[in-house]
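So that you can see what the record holds, here are the features copied from Swiss-Prot:
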BINDING   G191, P192, P193, G194, T195, G196, K197, T198  ATP binding site
Amino acid sequence: MLLLQFSNMVEPTGPAIVEDERTKALNSYRRKLAECRDIEQKLKDLRKKESEMTKQFDKSENDIKSLQSVGQIVGEVLKQLSEEKFIVKATNGPRYVVGCRRSINKEELKQGTRVSLDMTTLTIMRQLPREVDPLVYKMSHEDPGNISYSDVGGLAEQIRELREVVELPLINPELFKRVGITPPKGCLLFGPPGTGKTLLARAVASQLDCNFLKVVSSAIVDKYIGESARMIREMFNYARDHQPCIVFMDEIDAIGGRRFSEGTSADREIQRTLMELLNQLDGFDSLGKVKVIMATNRPDTLDPALLRPGRLDRKIEIGLPNEQSRLEILKIHSNKITKHGEIDFEAVVKLSDGFSAADLRNVCTEAGMFAIRAEREFVIDEDFMKAVRKVGDAKRLETKLDYKPV
């Protein structure tokens, strides 16, 4: 009994002590490793904060310098005399022979380039972008929207022809070089109102990663002589500077009408605008990445000089849709409508003879209005039948237009 108690009082030796020390060391290592990771994360956050504060400090310093610095004069380069000297015309009138900063690329300082001049030495400090008219700047910020070709129903042949004229030369110009032909400069979309001319142009611009200028032709006409022609020049200069670019001119009959000898001063101003447009169309580079799309519902009033090949190489007629096309368009417009039960679209299409795409969209809107009138949150087949009859009765008051090939 005494021997047993003595053995219990003896401390463990050998492997047990080694295992205990190993466990303690391992736990200590894990704690140190966790502390190291925390310190690394804190260091990373501090460095990120330091970088942000450095950027903010630099920005504040630049703002203070810009507030303390003297303004500069805007001028225009007239001629390069030597490698370092240029003749510059200031905005207030006089001309100066000035030097240039070393950091500026002198090859880009061509005639007509806008530059900023130092107030005291008149040295060229930096190159400025081309002056853009506010109206042209507004045109360039026109968003074509996220429209795909599947949103344009019943125009498969017209889409193919338009993509050959606009999309193919921008994506694969080498194909035209190998064949040995000059790519078309632009095309004319003509047809009755509401057939999808503007929608088709927006779909092309949305699918291409390029700049888009939407021009309403009636907005170009100005009461002051020469202003309309200047707007055309600035518009095409902006398009050339921001290639690839698509210029879409809607309602081109506002400035592209047939010229005649008699008329008022306003008519002569519109004719001068048309002549400037003809000049800009002829001035394009053969493989330039600027394409023109024009749209009108009055092709018979356009000037023959505008329609000749070399300016508008392809004329695409967008007529009223046939029965199959009307079915496709109706399904596209009714896709987002909350429907209940089965809708007989074929019966609706048979009652919509002579309808345009805009009329079919109006049918869907009227069907929704009938559902709202009946205090329902969904549209049934009867609503579509009522809507197509209502739109058909309204179309009888419209005058039918005859579109002959251009």
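FYI, residue positions are counted from 1 along the chain as it appears here.
For all residues, glycine too, the Cβ spot is worked out from N, Cα and C.
Swiss-Prot feature annotations superimposed on the structure.
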residue: P193; record: ATP binding site; Cβ contacts under 8 Å, 6 or more apart: N297, S356, A358
residue: G194; record: ATP binding site; Cβ contacts under 8 Å, 6 or more apart: S356, A357, A358, D359
residue: T195; record: ATP binding site; Cβ contacts under 8 Å, 6 or more apart: I318, G319, L320, P321, S356, A357, A358
residue: G196; record: ATP binding site; Cβ contacts under 8 Å, 6 or more apart: V152, L155, I318, A357
residue: K197; record: ATP binding site; Cβ contacts under 8 Å, 6 or more apart: L189, F190, G191, D250, A295, N297, I318
residue: T198; record: ATP binding site; Cβ contacts under 8 Å, 6 or more apart: F248, D250, A295
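Other Cβ atoms within 10 Å of the Cβ of P192 (ATP binding site) number 20 in total over all chains. Annotation note: T198 (ATP binding site) sits in a helical segment as assigned by DSSP. Secondary structure from DSSP puts P193 (ATP binding site) in coil. The ATP site is defined by G191, P192, P193, G194, T195, G196, K197, T198, and by the 8 Å test on Cβ atoms against their centroid, the other residues of the chain that qualify are N297, I318, S356, A357, A358.
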